[in-house]
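Participant: I'd like to ask some things about the structure below.
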């Protein structure tokens, strides 16, 4: 079937902010889809609330709306744009749920908008647990015994009948939210209650647990003419029972026989055909390791995290083709863009092994619950390609950026055998390292397989890695063993440790012995046809397939896996940098390890190397490509940390030089620079041990802000009020030493703002100043920010512009820099300078219409601002108000406190724009799912130091008709000041009348909870905060955010005053 001519305009719904379970893979899918539809000549309208994405760039669609993905706003856009059709299957769960809502509201029918791709009935059949069960029974496909329940009692009754353990799966939720494995009645009671609340249709599936089966996934495609094929099949290293997003995954499957492969393939194709899915679909199956018995676990009728992985693992662009199928093209009409010669109807064949390892946020959340189950917890993932399992697994381990270069955590050698076994059985995010340690201690693969239900085949590979370690240790300098270790993915640094030499020495031995990697092409067809993709991975074998081009090239380092503090914003900057390199006439080469992102789409750059971002792996590419230089400004801290070792090895770093990067990051050098430039900063000192820290704090005066130097996203930062707290911080939070000093600064309570600037060494362009809504003390990544600034005087703005220019020129900055200021009594202080692109680049680029990363890249390559037609100084402000608001994933992370402070906790962001501050704030709150009704009850539980300020907020809430509830101390303060309050217990002896109980009953619409500076003592507050999050009740832990919400509520309510 040729493409449809009866539709011209298509609306695509994006997936909104990044949360755990729905990350950058949808930016990649949405970007591909929009471009794919434009390529076919359709007009595309895009709606997405997340500014940090490539897909919300003007050139991706014909009309781009950065608006909340809620019925209210999407309906307005539909009425305004009147598209012929809507494509919802590329926006993750958000897009699907929105399509469902629009359809149920009758709006699609009223406007005559057709749904493209998979039909709603099919989405319903796959997502609604009851309909799915019926369909599987009709097809004769086995599913675990299960029961659909709408009440907790029904759940308990069913479980009593089939026996524990059982799995709870709420309907229509994302990333296993609200689900879990229950091994007894108490656990089921709690999880089922929560799951029913979270499910938008109050429905859960309770099923017999098949934990311990092998988990196999098939990524399948089907078109409107019923052609269907398997793009990729993948096998989880971890058995069923751990969410696939949290599992280590290999592609293609490693341990199943051809018969099993065909059996599961047939089942997957049968299911996608029965559901009549048009586009991509992911089928998860459980296979009994001891027989040919299997079960269908679930089907995702949309592009998913697994399809991003499958696309990158095979080179087959699923989202791009899904969009073409949606407009009527068939697989036998679409040319496979990888080979450029075969059609898309070919099933990809792989002659390599791909390993994916999830990246977890527990380096940020030390108290988080690390146990893994059916609810996803990873924020991102890495992928590595090799010629064998050992190679791809070890490359993936060193891509994780958790301070390891091998499947080994040095600290585990101290762990007792009992503890080791406990960690292997009760699965945590770092189980791979515990299993590897057990093998080093002589436990056999069979013993471990018995405990973990992981296939012995994989454990044998871990044993093989250990055997090579032994061989290396006993054959120092032996080139045969060295070659074997390299072919199995060992890093130079690991070999160096075993040989007791430096990694440089190992590298030299390799060069002398000609043991160098070759680069192989990812071509979808195991080299059977000619292929046109410049997409490579390294391995130690024969025949190098990557040829250095005659054109001068520039290498851009990506930012690795998505984690808290280093999100998709850096990928955005990387992609823009590549565009600018190409526009300047150079060949652009990207190196990155993240399968979810746009930067690792092989059509973005001239060459893509899918490799770990380590010194060794980067140097190997540089040796081959001999680029003009390397750009490290856009890859976050990952890339910046490589600047010094690369520069020492004689590599040219383009843009700001290493010595100047050091001046911004090293405390003493930075203070020196500020003195020379005559710029004030909060008084501070560095300390290399506990006593020095105490002495510094006495001199400066409490409160102080303490943090280690050289970190991203505010890791291990705290505001400390007294000596006892400071001592405990120095003992527990950081390991201070002369090499790694701790910074002790005076903590100034003032307004915070930040600036991104672009400099060519002579002139400095400041696109705009962003003013934070929360005062200093909340990490900039977790603050709401307004552009243009709403409360700064002209004098302060001029000072900020002046200091920014002095800093950029004084630090010899070429390209980008980000500066954070705090303002108190009209006095401006510099808090910190980051000599690189920051996480605000996408937001500021969108609201000022300056493609900042592109401009910075052109300057890095030697052009000037004047040549690019940009003025020196502060860019004129826009007349619209734009708000950037953070989005958190606390509901996925048990035991992580949602209290905001100097350590970053948000996973994503949204933007709200309008003509007034109140309207922009309203949109930002709606987009970040903080919805407050016009009236209801608000609970105040406030620390002593902010009761006075909270009183004014409470009075404003009362004026618009809210009921004011408060806990004991706060209530008596409010009553003494003439405000009528209902007293409520924090955590009561009668657990039917305390705050968590009222939250459960839906009696509380918002909670405002601040904590004194001694944060640790607040156990009750933590329980209240987590119950608010579990039940989706808006929670404000900073009074400034509550004030912003009040502005919105006040602007929406009429004034009713007696005369």
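Every residue gets a Cβ built from N, Cα and C, even glycine.
Quick caveat, the model's predicted, so the values are computed rather than measured.
As annotated by Swiss-Prot, Mg(2+) 1 binding site applies to 284, 298, with the evidence given as sequence analysis. Residues or ranges marked as Mn(2+) 1 binding site by Swiss-Prot on the basis of sequence analysis: 284, 298. Annotated Mn(2+) 3 binding site per Swiss-Prot: 820, 832, in sequence order, evidence recorded as sequence analysis. For 820, 832, the entry in Swiss-Prot reads Mg(2+) 3 binding site. For 832, 834, the entry in Swiss-Prot reads Mn(2+) 4 binding site. What Swiss-Prot lists as Mg(2+) 4 binding site is 832, 834, and the listing cites sequence analysis. According to Swiss-Prot, the domain 'ATP-grasp 2' annotation covers 671-861, on the basis of sequence analysis. Annotated region 'Carboxyphosphate synthetic domain' per Swiss-Prot: 1-401, in sequence order, evidence recorded as sequence analysis. The region 'Oligomerization domain' annotation in Swiss-Prot covers 402-546 and is backed by sequence analysis. What Swiss-Prot records for 547-929 is region 'Carbamoyl phosphate synthetic domain'. The region 'Allosteric domain' annotation in Swiss-Prot covers 930-1059, and the record cites sequence analysis as its basis.
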Participant: Mind checking how the region 'Allosteric domain' (930-1059) divides into helix, strand and coil residues in DSSP?
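Facilitator: For the region 'Allosteric domain' (930-1059), the helix, strand and coil counts are 60 helix, 19 strand, 51 coil.
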Participant: Here's one to test understanding: among the binding-site residues 820, 832, 834, whose C-alpha is closest in space to the C-alpha of residue 284 (Mg(2+) 1 binding site)?
Facilitator: 834
Participant: Residues with Cβ closer than 8 Å to the Cβ of residue 298 (Mg(2+) 1 binding site), same chain and 6+ apart in sequence?
Facilitator: 126, 132, 169, 284
Participant: Could you tell me the C-alpha distance between residue 820 (Mn(2+) 3 binding site) and residue 834 (Mn(2+) 4 binding site) in angstrom, no decimals?
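Facilitator: Roughly 9 Å, rounded to the nearest whole number.
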Participant: Report the DSSP secondary-structure composition of the region 'Oligomerization domain' (402-546) as helix, strand and coil residue counts.
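Facilitator: Counting residues per DSSP class in the region 'Oligomerization domain' (402-546), I get 78 helix, 11 strand, 56 coil.
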Participant: Would you count the other CB atoms within 10 A of the CB of residue 284 (Mg(2+) 1 binding site), including those on all shown protein chains?
Facilitator: 20
Participant: What mean pLDDT does the predicted model reach across the domain 'ATP-grasp 2' (671-861)?
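Facilitator: Taking every residue in the domain 'ATP-grasp 2' (671-861) and averaging pLDDT yields 90.
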Participant: Using a 10 Å radius around its CB, how many other CB atoms surround residue 820 (Mn(2+) 3 binding site)?
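Facilitator: I get 19 for this one.
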Participant: Just to be sure I understand the packing, how many Cβ atoms besides its own are within 10 Å of the Cβ of residue 832 (Mn(2+) 3 binding site)?
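Facilitator: Excluding its own Cβ, the number within 10 Å is 17.
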Participant: Identify, in sequence order, the residues in the chain of residue 834 (Mn(2+) 4 binding site) that are 6 or more apart from it along the sequence and have a CB within less than 8 Å of its CB; answer 'none' if there are none.
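Facilitator: Sequence-distant Cβ neighbours: 664, 817, 818, 819.
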